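A short worksheet on the structure shown next.
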């Protein structure tokens, strides 16, 4: 069962059932620095450039110049002999077939082979194991055929040969057909696979024979085939499989293995790769000053790294010494306390011992008492015995109630250092703060931009933050992206003042502590309102029914409480009862320019109308209650819908958006950006979900009002408005409902950062 080799990194997967375990090579770390294809270096034919690229021509295993290098599936190279030895050390036998073995030449005797090859020593097993343990992120799978399925890197061989000739590595190449002593070779023959001096070449290529047709080459010790042959079919490769990134022959092309793959002629692949390589090389050669500048910068970085590393070592040593000094001071203090306690206890025990010794027969207090008992003079005895009796009584009590005057235990002096030991065990270098998480629920743009963020739960603390922001709707300037920046922001929120209207800002935050700056947060994009924000309060002086409408103390919220009157009127609704519409106005009238404000409508509201109208017309509406049951009344149009006989179409004095039960009603014939018009004409009335906030944009000069989703700024409805006089914000209620005006960001007690006031740029 023949199965193609499985290439690393998922390039070419087997199309047949899984094969038996195949040999694998671990690529040494130096493979990363060695160029997989070194034809680029061959373009620089000067001796100076050749001498400077020797490290590119060294095998990472034997650390000598490549000899018959093989291209591994990971695109790196290794000597064929080294690859065989690696597989032998790993226990694979029979997988070391030569992909393009050299046939034995009569002139190829051991004495005439490369002196450098004869001196070559393969790595020892222990060194080999170290070399193979770190790889190109994993093992390199060779497949069932092992080395026999790999291509020889003939380009690399030619580069090595030119390098040998330029620097005279290995001495002169001698003629392999001369009698001893051989002369220096001047020609080589690929067909004969031998090197010749001039006389021997003429001798072995006589005129008029087939050998005379052999083309002489430069003398070499490694004869290569004229072209690459397919390892599977031993035919010349003619195409390149882009899917597998592998050269293939005609037979490979028609096999099932490459079915559906992108295959191109090798000439096309050659030209494409050559153009890319030439372009890249031209760019590098044309920017040598940049390369040299970067080298100088890296060298300077190396010097700074050495200095900074030494300083860091000294700082750590000093801090640890400081900890040691504190511990030593604490140790001395604790030992002093133990010593004082010990001396005080010893003194008390010594005094107790002396007291007990005085109770011994014939000594101390007992001996004195025995002598006093010998006194016969009664008055004198009474005088002396009275004081003595008290002492004897205390001694008798101490004898009967004996206990040491001090404890011998020092358990109260034990230390619990578990917490301290844990802290010392966990003592490590301070880490920079993790990327902050922007709170998108609390971050928004209104009259100003309010930005709020937090650190992840297990992030190191941040001493302060840096905020960066920029507009994304301006033409891109050449060079790096220019960010406005505010540094050393305290707290976890900030206020950005004076943003441009109708713009999109992108913002990001990063924290900083003693260890340095952390990663940036994810970018957050905020749309600013399309016009300057209009600040106003709800005016309770006009049209407010205290029985049904309640305005908050800050005059930014109103709630309709219909109560008993509406409940009692519900029975008469079917008989044509008239219900009044409760209206609340803003305390500011607009007479010019463009204005924007936003509000939130309670989704449980029965019927609420949000919009604007002529101040005079709105005040007139307070004089009489409109008929909300009559089909002739249309508050959204601003006029009686039954006045079909009007000859001149005028802009309505009112423009309202109707909201009820969590839906928005879009009437027929209204201009909407929500795509609600039908194919054959204006759309019929329909509903859309109520967004969290509604935005109203008034263009006084144009006489237009736009209703928007204040979160996404998606247009909901646009309609005309009579702007012949002052225009006021208005809110109408029928039944229960509530409206909350958007609070200006400027009222929040947060740190203020003015956009446009910074000169510091990236």
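Just so it is clear, glycine is given a Cβ too, placed from its N, Cα and C backbone atoms.
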Given ranges 29-60, 61-92, 93-124, the stretch to which TrEMBL attaches the annotation region 'Disordered': 93-124
Secondary structure composition of the domain 'Fibronectin type-III' (432-531) [DSSP: H/G/I, E/B, coil]: 0 helix, 45 strand, 55 coil
Counts by DSSP class (helix H/G/I, strand E/B, coil) across the domain 'COS' (373-430): 35 helix, 0 strand, 23 coil
Secondary structure content, the domain 'B box-type' (225-266) (per DSSP, counts of residues): 9 helix, 11 strand, 22 coil
